[in-house]
Amino acid sequence: MAQVALRSGIRRFFARRSAAVEDAADAVAGDASKTGAAYADSVSASRDDAASRRTGLRAPRPGVLCAIMAVAIVLRIAAARFVGVWFWALQHWDDTVLLRYSLPGYYSNPSDDGALMKVTGYSQLLRVVRILHLNYPTVLALLWVAAALVVFFLVRAVSRRPWLSVAAFLYTLFYPVAFEANIGTRMYRNSILIPCYVFVIGLVLLMTYRVLSRTARPWPLVGQSVLMTVALVYTYWVKEDGLWMVACVAAAAAVCIVAQVVICVRDRRREAGERNHDAPAASLQASPSDAASSDAAASSAPAAWRRIVAVVIAFAIPFAGLAASSVAYKSVNRKYFGAYVGNMRLGGETGRFVEYLYAIDAPGRSSYVWAPADAIRQAFDASPTLQSHPELYQAIVHTPWIVKPDHSNITDTIFETPIPGDSITWVLHSALVETGLWTSQEAVNDLFAQVNCEIQAAFDNGTLRKSRTIQPLASVGGYTRREIAGLVPYIAEGYAGVTFLAGYTPGAKYGDYLDNAATNGQTKQIGATAAEAFGLPYLADYTLRSPTRYALANTFAILLFWAYRILNTLLLIALAIVLIGGIVRLVRRRRAAPPVTARSVMTYLLLVAAVGVSLVYSTVIQWYNAFLYHNDGFSMTWSNYYDLGAVAMQILVFALAACILASWREGRAAASSSSAANETANGAHGEVRQS
């Protein structure tokens, strides 16, 4: 019975009820008094169906589409398990520290100096995988399945074309970055971020489209909001830069709420105008239909308010969820570590101290040096608390974290070899541990709370001056206008890497990292711990998998990258056509050319918004990455490693561009058929007149 019900539900979802659509289109066309997005959308739907009939394309059977998607999911899981994953045991503050957070005993050691250095969202996933004895590559594949389903429903809502929806699903499901070594198959948080980003931003776009197109029903919209909130809250705690997703949700909320209010006000005015237009007929005897119309008008106001309230609630839920999760997350950290913080590296009082270092006006500041040695000296001079710990200053000045290009930095200080980029966060942590000041997270947080009060007082009384450089966020270094202009080539090269898939490495690593887990006893033990925790013996001994298997897996990844390079090139051309053609069509509409439907306009605006988000995100990422390019120039590997949001936005942008291009193509076919029909009809009328 359950299988029958499932097949029935899927059949209803995919079925194209042509007769019903035609009847609805006729009803809309017959009522010339109806205006607005709903009318335009209905006309657009009828035109789409008419275009499909004229092109001779038959609607695919639901069972065929479901079978294709089901087979694709099975193949995707099989590919993930065949390619496998790898664990980099030498990366103490990256892969290894997140593994430690997922193991038993993490919350039982409040004096652990490595605790709270990063957020633990990814570690909680590893904890679930370990406790439930799940297969980690399968879990990764299922995350991509979830992301592909969101893209499927987004394209389905925008285009109403089943084949295009399935194509977008397949494009997302097998995106080759998932099989790349530094991102997709490495057991690190980067492996889950792209599908999580696609899931969250895809749902935001879907909710926005449905609100603006007036196809959103209150309770389903709230349900989508709850689903999006769960994904948003989790992804926010996977990496420390989740603020950009919150900004996207906030922008969508503002647009949707304002648009819903405008729509309701406009509808009320239109209804009032219709009633005033019919007022002279009030002297005639009222009919039952007049009473029904009056009742409908009276009930439209509560319905309008319900729509507004539903939109407000739907977009309030994510922020409520984030606030609640923040309180819960920080409360857990305070319970076990004594510090009410998200993390101690970029958050809390130590993170605030680092932000002050980025803001102090000091010589030597550049895109490579965010915290000059003189800024650190000024901070110590302005804080009596820091002055009472001269050993901390000396530990920072002589930190082992500074590295010259030739690695000859044994006797250098930060005055000869500056601290690059955000490395000051690790320099500060190491100095606190080295000097014995890091007794617990609580003690360190309390210490720097006092320090920050003193530094803020120094800013207020003019002892310290703020730098005039530009900072997009307090947690990154400030740039001059010239340095900002210098980011443009990095942004362009970063997009080239994302689009044409340059600088990526096949994910089934064999040989390159074979000796990492056996370099010394400690790293070998870490690899064995990962292998035991997740039931993947080859993480401790990669020779357990044959070289032939690694070679076949790498060949599969290479072929996938090759195919997607071609596909992305075609989609980039389509995107350029859509962006330029959309402007041309909007201009032609004002010159009395055939109107562009409201649905097409909304899809185009969503596309433009997504492109804008991608540009802002990539700009901030390259702002951060610039210090990594100082010695050896632009690095495609580093750019790809951090520019994960651009990959997610590209998937969504290409899907929307394909929808718009397909609608334009069918629209031209429909217009040509309509023009031919009109010419035939005019010829027939002419013959009748002559006779």
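Glycine too: its Cβ is placed from the backbone N, Cα and C atoms.
Feature annotations, courtesy of TrEMBL:
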TRANSMEM  63-89  transmembrane segment
TRANSMEM  134-155  transmembrane segment
TRANSMEM  162-179  transmembrane segment
TRANSMEM  191-212  transmembrane segment
TRANSMEM  219-237  transmembrane segment
TRANSMEM  243-265  transmembrane segment
TRANSMEM  308-329  transmembrane segment
TRANSMEM  562-584  transmembrane segment
TRANSMEM  604-624  transmembrane segment
TRANSMEM  644-664  transmembrane segment
Notebook entry, point to check: For the transmembrane segment (219-237) and the transmembrane segment (162-179), does the number of C-beta pairs under 8 Å, pairs 6 or more apart in sequence, reach 3 or more?
Noted result: no
Checklist line | Selected stretch (most C-beta pairs under 8 A with the transmembrane segment (562-584)) from 63-89, 191-212, 243-265, 604-624, 644-664 | finding: 644-664
Check: Under 8 Å, at least three CB pairs between the transmembrane segment (162-179) and the transmembrane segment (63-89) (pairs 6 or more apart)?
Finding: yes
Next item on the list: Look at every Cβ pair spanning the transmembrane segment (604-624) and the transmembrane segment (191-212), keep those 6 or more apart in sequence, and say whether at least 3 of them are under 8 Å.
Entry: yes
Checklist line | Recorded stretch, among 134-155, 243-265, 308-329, 644-664, maximising Cβ pairs under 8 Å relative to the transmembrane segment (191-212) | finding: 134-155
Check: Short question: which residues 6 or more past the ends of the transmembrane segment (644-664) have a Cβ under 8 Å from it?
Finding: 48, 151, 154-155, 158-159, 161, 164, 167-168, 171-172, 175, 177, 183, 190, 193-195, 197-198, 201-202, 205, 244, 494-495, 498-499, 568, 571-572, 574-575, 577-579, 581-582, 600, 603-604, 606-607, 610-611, 613-614, 617-618, 621
